[in-house]
Structure formats: structure tokens, C-alpha cells
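What TrEMBL annotates here:
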- Asp17, Glu18, Asp124: divalent metal cation binding site (BINDING)
- 11-233: domain 'RNase H type-2' (DOMAIN)
Amino acid sequence: MESTPEWASQPCIMGIDEAGRGPVLGPMVYGCLYCPLSYQSSLASLHFADSKTLKEEKREELYENLKLDKSLGWAVDVIGPRELSAKMLAVNKINLNEISHNSAMGLIKQVLDMGVLLTEVYLDTVGDPEKYRIKLSERFSSIKFVVSKKADSLYPVVSGASIVAKVTRDRALKEWLVEETGENINRNFGSGYPGDPETKAWLTQHKHSVFGFPSLVRFSWGTCTTHLKSEVEVAWESDEAEESGNGNSSTKRQAKLSKFGFTTCESRSEEIESSGKGRCKFFQARKIQQITQF
């Protein structure tokens, strides 16, 4: 819901919940539902419930109903598997709790920027409830925050947000554009949770000894690490240069730059290319050489 509702200037409440935090496949989705405080008592009559307790058909029905209700507003933040992995595996790592916090705060800011007068926000906890509440209150001092476990079962406005998030994730997963079109990838991946036998079988079937998994997979999950332990180890040329004990910072910098296709150390690059030293066997066997000039 992008347009500012007519009731935006009235005191409003919001619920926030997520879907897809645990799966090894697909996006994590944060959803929010908001409405006038005066409409809060009517939420119970909409029969919202924790999305995990509802069948898919019922979730779809409730989702379509809430979209038509002019007293309700909603928004989502879809965080793809590539973004999750990049943040969690970066040099300056961002853990899943922090990613979750940032997503929730992003939704609050988005709705506030629309001109909606949020006075109360209800959330399912991520980490310690009180620490999370304090963090939110410091960022948005004019809003009363209620952070609790099982909020999606206790507060209808959070139950509604849970449905928004779950239906959005389910649809996104069904319609996900798989980039690796030449790899004969099927979509029989089950629930996407690491413990699902169908998901495990899919991961095994779609594992590549060098490139790992398709981009649908969250590489930062421990499940992937276990699967890839016995596969080919890729050695970067710069790793060898830095581990050689050479104290020349310029040489190290040149080696690092070669990762990105740039080099000012032609003799070093040519030596590696001619000898094959430090190159993965996959590339050696296929006579694949590094391109340094375009």
C-alpha cells in the first residue's frame, strides 16, 4: 500500500512480523500491517491468526481480504538470499538479528515518511525483548513499542502482518527467477528448511563442486557449509602473495587488485598464468586463464 490513507493523521497502531527467517532457500520477508487505533477492536473480527497455524488457502483468502479493507495499510521488505549471504559473510559481518532489526525499523520509517501518525507498534521479538524495545524506542522516541514472544498469536495486528509476510514470501518463492537457467534447476525443494528431507535432496542434487549452489540458496547458512566441505577449494592468487611474507605493501595491493581484474604487476601475473601455480585445478584442467586487460 503506497498511497497515504485518509486516516493517516489519526493515532495509528502497527504490527510487524517476518516469514522465512530459518529456511536455507529464498528470501526473508518482513511485513507490517497498520490501522487507526480506533479500528483496533475490529481486527479480531477479521479472523487473523499466526500464519504458521493457517493453511495456504486460508492465508491467501485473508491476504486478499485485508488488501481490500480501506481501514488497513500494509508494506513489505523482501530481503533476497544473495543480500542475506553478502551481509552475513562480509568482512564486517551483519548478523541475522541485526538484519531483522534494520528491516523492521525500515518499515516503520517508510510508514512514518508517508505521513502516518504511528503511536503504538507491536513486534515479535528478535533476541532479548527488552533490549530490542529499548533499541526501537531510542530510534523512534514518540512511539510506544510492545515487543514480546509469540506476538503473532497475541496481537491481531501482528497476526495480520504475519499473513502479509508469509503470503509474500510464498509467492516470491514460487515466482523466483532462477538466474542459472542452464543448470536444469527444478523447483521441488520442499519447505526450504534445512531439516526437510526434500530440501536436503534438492541441495545435494544442485550442488556444484566449484561454484556451490544456485543463487536461490543462502550460502551463509551452516547447512551449506556442511554440504561444501568436501568440494573443491578455490585459492586466490592474492592469498598466496600475502601469505608469502613479502612486506612490500605495494605488491600486496597489486595482488589484491588482481582479484577485480586489474593489475600493475605484469611479471607476477604472467608467472602465475604460465606456471598455473596457485590456480584451482578446475581452471587448470580447462585451461581457463585470468583476464587482466580488456
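One-based numbering along the chain as shown.
Every residue, even glycine, has its Cβ placed from backbone N, Cα and C.
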| message | I need the least crowded one of these binding-site residues (Asp17, Glu18), counting other C-beta atoms within 10 angstroms of each C-beta. | response | Glu18
| remark: Note: in the chain of Asp124 (divalent metal cation binding site), residues six or more apart in sequence with C-beta under 8 angstroms of its C-beta are Ile16, Asp17, Glu18, Val147, Ser148, Lys149, Lys150, Ala151, Asp152, Val158, Ser162
| task | Please give the average pLDDT for the domain 'RNase H type-2' (11-233) in this predicted model. | result | 87
